[in-house]
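Annotated features in Swiss-Prot:
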{"type": "BINDING", "residues": "Gly7, Val8, Asp9, Gly10, Val11, Gly12, Lys13, Ser14", "note": "ATP binding site"}
Amino acid sequence: MLVNFEGVDGVGKSTQISLLKEFRNDAVITKEPGGTEFGLMVRDYLLKNASKISNKTEIFLFLADRAEHYEKVLKPNYANLVLNDRSFVSGMAYAMANDSSLDIGLLLDLNKFALNSDLGDKFVFLKADEILLRNRLFSRGTSDEIEMRGIEYLMRVQGFMSIILSDLKFDVLEIDASLEVLEIQEKIRKFI
């Protein structure tokens, strides 16, 4: 079973995946981008240079990583529980936040091609308000090129994530990221 964890930076995806791994030590943990050697290169490049390339180039780099990730990580582990930190939903949402004129149908078709139409079984969507995001990102003390686009940008991305997950009628657990960490974990365990 493929469970995709979605949400913008700072909502607690990695924390929840780590806690779930303690509960299900047979789970395979991965992330996009960065779940493969190629993905690490893409991730590193984009975190440092996102403002230097066109939106289309950024989309295709993420799609290339997604295709490689599918072939090297997701497909070989199909029989296992796979916990994926981000998925095509993030890719589409960030792309649409950068250019709201993009066709959601085209983006979905490109992602289906990259993923051999295997979009995932369940989605955990952690949502936060502006205050929570600002506090969490400030407490980290670090920011990459994408985070430097600002809280308003991240809220726009989150809005597109919500639209995509709702429109595509996936099996989604939407959770308020301001809840206690263990309360969130309990909801996720029941969902999976």
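The backbone N, Cα and C atoms fix where each Cβ goes, glycine too.
On a predicted model such as this, the values are computed, not experimentally measured, just so you know.
Structural mapping of features recorded in Swiss-Prot.
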| residue | record | Cβ neighbours (10 Å) |
| --- | --- | --- |
| Gly7 | ATP binding site | 26 |
| Val8 | ATP binding site | 28 |
| Asp9 | ATP binding site | 17 |
| Gly10 | ATP binding site | 21 |
| Val11 | ATP binding site | 25 |
| Gly12 | ATP binding site | 22 |
| Lys13 | ATP binding site | 24 |
| Ser14 | ATP binding site | 13 |
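The record gives Gly7, Val8, Asp9, Gly10, Val11, Gly12, Lys13, Ser14 for ATP. Within 8 Å of the mean position of their Cβ atoms, the other Cβ atoms in that chain belong to Leu126, Ala128, Arg136, Ala177. Reduced to three states, the DSSP call for Ser14 (ATP binding site) is helix.
Secondary structure at Val8 (ATP binding site), taken from DSSP and collapsed to helix, strand or coil, is coil.
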